[in-house]
Amino acid sequence: MKTTNRFNVIVAVAATILMGMFESSDAQLQMNFYAKSCPNAEKIISDHIQKHIHNGPSLAAPLIRMHFHDCFVRGCDGSVLINSTSGNAERDSPPNLTLRGFGFVERIKTLLEAECPKTVSCADIIALTARDSVVATGGPWWSVPTGRRDGRISKLAEATNNIPGPTSNFTTLQQRFANQGLNLKDLVLLSGAHTIGVSHCSSMSERLYNFSTTVKQDPSLDSEYAANIKANKCKSLTDNTTILEMDPGSSRSFDLSYYRLVLKRRGLFQSDSALTKNSATLKMINDLVNGSEKKFYKAFAKSMEKMGRVKVKTGSAGVIRTRCSVARS
């Protein structure tokens with residue numbers, strides 16, 4: 001009996017230790033993590049955004065996109081910001097070639113280093129900047145617990161293989177979200193960020209001119225919408241510079257317009273159209289469109305909070321980079 005009891009105690013202790021190993025990184029994220037070490041950190045970030053975002057309101061979309069792309073590769077660890085002299089970092093990968101906002105984040109980092117050296121991580125700056133820039137343009141607020149630490153590894157191939165692209169089909173989207181612990185509901189809600197911002201013709205021109213070996217134009221794209229883009233925006237397959245609104249007429253408003261366009265087959269990307277190919281995600285979109293903006297905001301916030309916890313480095317894991325663009329800083 002004593003041997004059995006001792007064995008049960010050992011098993012219970014081992015289970016507790018294992019649970020701690022799996023849960024520790026998440027548990028160490030907390031609201032106001034810098035309250036003592038850098039009490040003005042979040043205000044410095046918010047003030048900088050409030051000061052500059054109105055001069056460049058289109059920056060909110062790239063900043064939230066940067067947060068997505070950071071979290072989908074090695075977790076939310078700021079590795080998307082790292083420069084590589086060999087051109088082999090995450091930011092050199094095809095999904096990140098059109099990312100903007102690197103200089104903006106670096107300027108915030110400089111302000112924070114002056115206030116509290118070696119304290120606030122680049123990963124936390126990305127997470128807070130994404131939220132505050134969306135709020136500054138009238139979008140939803142969500143909780144951003146902090147305490148993330150930075151990674152030092154940034155690989156082009158990992159970004160290419162993990163970030164969902166504009167040409168992704170439903171299977172790819174589902175798998176790449178699942179790889180990060182995100183479900184179909186998160187996929188639909190986080191895709192809602194396409195309600196703000198712009199893209200380039202290069203992200204969708206194959207839908208117009210070179211969709212497959214049998215059809216030139218994607219049949220799932222509304223023909224009238226496609227004709228309008230061809231006539232006024234993407235006039236050739238080789239146009240890589242012309243800018244397109246992802247949510248035409250509403251690209252600066254965080255609203256439900258994106259989902260309405262998706263249902264009308266006017267989503268800009270193949271990945272937008274893919275959301276209608278599955279009965280579960282299609283139902284979610286219809287429910288959102290028939291619901292309130294307030295309900296959408298609340299659900300979107302929940303998925304953003306969830307994504308912001310993906311594979312974070314906390315405690316003794318990771319580092320605090322003093323320059324976001326330099327791995328060894």
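Just so it is clear, glycine is given a Cβ too, placed from its N, Cα and C backbone atoms.
Residues or ranges marked as signal peptide by TrEMBL: 1-27. The feature domain 'Plant heme peroxidase family profile' is assigned by TrEMBL to 28-328. Positions annotated as disulfide bond by TrEMBL: Cys38-Cys116, Cys71-Cys76, Cys122-Cys324, Cys201-Cys234. Per TrEMBL, site 'Transition state stabilizer' is recorded for Arg65. If you look up TrEMBL, you'll see His69 marked as active site, proton acceptor. What TrEMBL lists as substrate binding site is Pro164. Annotated heme b binding site per TrEMBL: His194, in sequence order. TrEMBL lists Thr195, Asp247, Asp255 with the feature Ca(2+) 2 binding site.
Of His69, His194, Asp255, all annotated as recorded positions, the residue with the shortest Cα distance to Cys116 (disulfide bond) is His69.
Cα of Cys38 (disulfide bond) to Cα of Cys122 (disulfide bond): a span of 14 Å. Counting only residues at least six positions away in the same chain, the Cβ atoms of Phe72, Thr172, Leu173, Arg176, Phe177, Ser271 sit under 8 Å from the Cβ of Pro164 (substrate binding site).
Note on the domain 'Plant heme peroxidase family profile' (28-328): its mean pLDDT in the predicted model is 96. Close to His69 (active site, proton acceptor), meaning Cα to Cα within 10 A, are none of the recorded positions out of His194, Thr195, Cys201, Cys234, Asp255, Cys324. Distance between Cα atoms for Thr195 (Ca(2+) 2 binding site) and Arg65 (site 'Transition state stabilizer'): 12 Å, as a whole number. Of the listed binding-site residues Asp247, Asp255, the Cβ environment within 10 Å is emptiest of other Cβ atoms at Asp255. Excluding Thr195, Asp247, Asp255, which define the Ca(2+) 2 site, the same chain contributes Gly192, His194, Ile196, Ser250, Ser251, Ser253, Phe254, Leu256, Ser257, Tyr258 within 8 Å (Cβ to the Cβ centroid), listed in sequence order. Neighbour counts of Cβ atoms within 10 Å were taken for the disulfide-bonded residues Cys71, Cys116; the minimum is at Cys116. Asp247 (Ca(2+) 2 binding site) has His194 nearby among the recorded positions Cys122, His194, Cys201, Cys234, counting only those with a Cα within 10 angstroms of its own Cα. A Cα-Cα distance of 9 Å separates His194 (heme b binding site) from Arg65 (site 'Transition state stabilizer'). Using CA atoms as reference points, the recorded positions Arg65, Cys76, Asp255, Cys324 were checked against Cys201 (disulfide bond), and the closest is Arg65.
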